[in-house]
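Colleague: Under the heading signal peptide, TrEMBL lists 1-23. Residues or ranges marked as disulfide bond in TrEMBL: CYS51-CYS129, CYS84-CYS89, CYS135-CYS334, CYS213-CYS245. Per TrEMBL, site 'Transition state stabilizer' is recorded for ARG78. Here TrEMBL flags HIS82 as active site, proton acceptor. TrEMBL lists ASP83, VAL86, GLY88, ASP90, SER92, GLU103 with the feature Ca(2+) 1 binding site. Among the features that TrEMBL reports, Ca(2+) 2 binding site is placed at THR207, ASP257, ASP265.
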Amino acid sequence: MALKNVLALVVLLGVVGVSFVKAYDNSESNPERYNPGTTGNLYNDYYGNKCTNVEEIVRNVTYQYVSANPTLAAALLRMHFHDCFVRGCDGSVLIKSPNNDAERDAVPNLTLRGYEVVEAAKAALEIACPGVVSCADVLALVARDAVFYIDGPWWPVPLGRRDGRISNISDANSLPSPFANVETLKKNFADKGLNTKDLVVLSGAHTIGVSSCALINRRIYNFTGKGDFDPAMDPNYVKILKERCPPTDFTTSVDMDPTSADKFDSHYFDAVYQNKGLFISDSTLLKDSYTKFYILQQAVLNLNTFNDDFLDSMVKLGFVGILTGDQGEIRNKCDRIN
Ligand code: HEM
């Protein structure tokens, strides 16, 4: 095919792709419209004179921690996601149970890190304005600031979430599994009022951070029980992963974005496009026409919309299942109910 025709095809794909995405995109630019399955609303200046410097106080503490350990950015982003997907963004993931039966004791949450950052930000707020700012809001702000600190996108965090008083280990079953296929993932997200675009965009969070070898062992060593690997994976990538994760190694960490796990960029989509998605839940995004097209747009057509899309979807995520008004409480300490 002549170069001219190739270029025309790329332009056409871009145009078709944009309208395809628009058709699925039910978001608008005003944060007030994000209200998936909630009863209340959130506001940009919610704390007003009750706590004038909330954002600054949280930002200072977060930057202090993330500058000392930039890997906390990934951990805190994941923590906010895990909070929102279980009983809504109500800070319930932060609660400790003496019986080890709270959300944070559930298997997917055992690798959460960064609780100390949320605790420190909350402690600083308790000095400035005691009993005013919820832990759920603190976590939402900390996640945003941590990602921004490592040069990721900034998104607005409307405030006013109240803290939940319940945290059950079994509720963490609503977290999506790394072994899930795209249909299940779409349902997991739809159950939270999030659409297919949110699924593929938020999966892009895997452009930063790490997993443990345990979670990919079967995929690379014994996919169907015959000593094989998942044929959906690039064999050369499997080879690299095997070097990193020997068969009996369940603890070493492995980068989720093979080229730049410490940078918030769109390389996650390049990786998935090249069959280098680390989890089945990443690779499976090539099996749905919508999510596949989004990946193509970022990886091949270089539409560069990921940061803006991520911002939109993060705002939506922050509204999932929120408690507002006189629901829940404002916890004094984030790891226990009052
Ligand atoms: C689509 C469904 C998703 C699945 C199945 C999934 C699964 C996982 C798993 C299994 C890990 C590795 C954890 C470990 O080593 O124990 C992980 C890490 C991570 N996830 Fe996801 N995830 C999903 C979506 C998301 C979303 C929506 C976000 C944020 C918006 C997110 C952010 C992260 C981050 C940043 C890490 C790295 C954490 C670190 O380095 O400590 N994930 N995810």
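The first residue you see is number 1, and the count goes up from there.
Backbone N, Cα and C define each Cβ position, glycine as well.
Caution: TrEMBL annotation is automatic and unverified by curators.
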Colleague: How many whole Å apart are the CA atoms of ASP83 (Ca(2+) 1 binding site) and CYS89 (disulfide bond)?
Modeller: 5
Colleague: When you measure from the Cβ of CYS334 (disulfide bond), which residues in the chain that are at least 6 apart have a Cβ under 8 Å away?
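Modeller: Same-chain residues close to CYS334 (disulfide bond) (Cβ under 8 Å, separated by 6 or more) are GLY91, LEU94, ILE95, TYR115, VAL118, GLU119, LYS122, CYS135, VAL138, LEU139, ASP163.
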Colleague: Filtering ARG78, CYS129, CYS213 (recorded positions) by proximity to ligand 1: which pass a Cβ cutoff of under 6 Å to any of its atoms?
Modeller: ARG78
Colleague: Which residues, sitting 6 or more apart from ASP265 (Ca(2+) 2 binding site) on the same chain, put a CB under 8 Å from its CB?
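Modeller: Looking at Cβ-Cβ distances below 8 Å from ASP265 (Ca(2+) 2 binding site), excluding near sequence neighbours, one finds THR207, ASP257.
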Colleague: Can you tell which of the recorded positions ASP90, GLU103, CYS129, CYS213 lies nearest to CYS84 (disulfide bond) in space, using Cα positions?
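Modeller: Sorting the recorded positions by distance from CYS84 (disulfide bond), the top entry is ASP90.
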Colleague: For THR207 (Ca(2+) 2 binding site), which DSSP three-state class applies?
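Modeller: The three-state answer is helix.
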Colleague: Round to the nearest Å and give the CA-to-CA distance linking GLU103 (Ca(2+) 1 binding site) with CYS213 (disulfide bond).
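Modeller: Distance between the two Cα atoms comes out at 23 Å.
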Colleague: Mind giving me a neighbour count for ASP257 (Ca(2+) 2 binding site)? Other Cβ atoms within 10 Å of its Cβ, every protein chain shown.
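Modeller: Cβ-Cβ neighbours of ASP257 (Ca(2+) 2 binding site) within 10 Å number 27.
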Colleague: In the same chain, outside ASP83, VAL86, GLY88, ASP90, SER92, GLU103, whose C-beta lies within 8 angstroms of the Cβ mean position for the Ca(2+) 1 site?
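Modeller: These residues sit around the Ca(2+) 1 site: HIS82, CYS84, PHE85, ARG87, CYS89, GLY91, VAL93, ALA136, GLY164, SER167, ASP171, GLY321.
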Colleague: Want to know which recorded positions, from ARG78, HIS82, CYS213, CYS245, are within 10 Å of CYS89 (disulfide bond) at Cα; which are they?
Modeller: HIS82
Colleague: Please report how many Å separate the Cα atom of GLY88 (Ca(2+) 1 binding site) from that of HIS82 (active site, proton acceptor), as a whole number.
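Modeller: One finds 9 Å between the Cα atoms of these residues.
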Colleague: Starting from the Ca(2+) 2 site formed by THR207, ASP257, ASP265, give every other residue of that chain whose CB sits within 8 Å of the mean position of their CB atoms, in sequence order.
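Modeller: Checked against the 8 Å cutoff, the neighbours are GLY204, HIS206, ILE208, THR259, SER260, ALA261, LYS263, PHE264, SER266, HIS267, TYR268, ALA271.
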Colleague: Under 8 Å Cβ to Cβ from CYS213 (disulfide bond), same chain, six or more residues apart: give me those in sequence order, or none if nothing qualifies.
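Modeller: Sequence-distant Cβ neighbours: ARG244, CYS245, ASP249, PHE250, THR251, THR252, SER253, VAL254.
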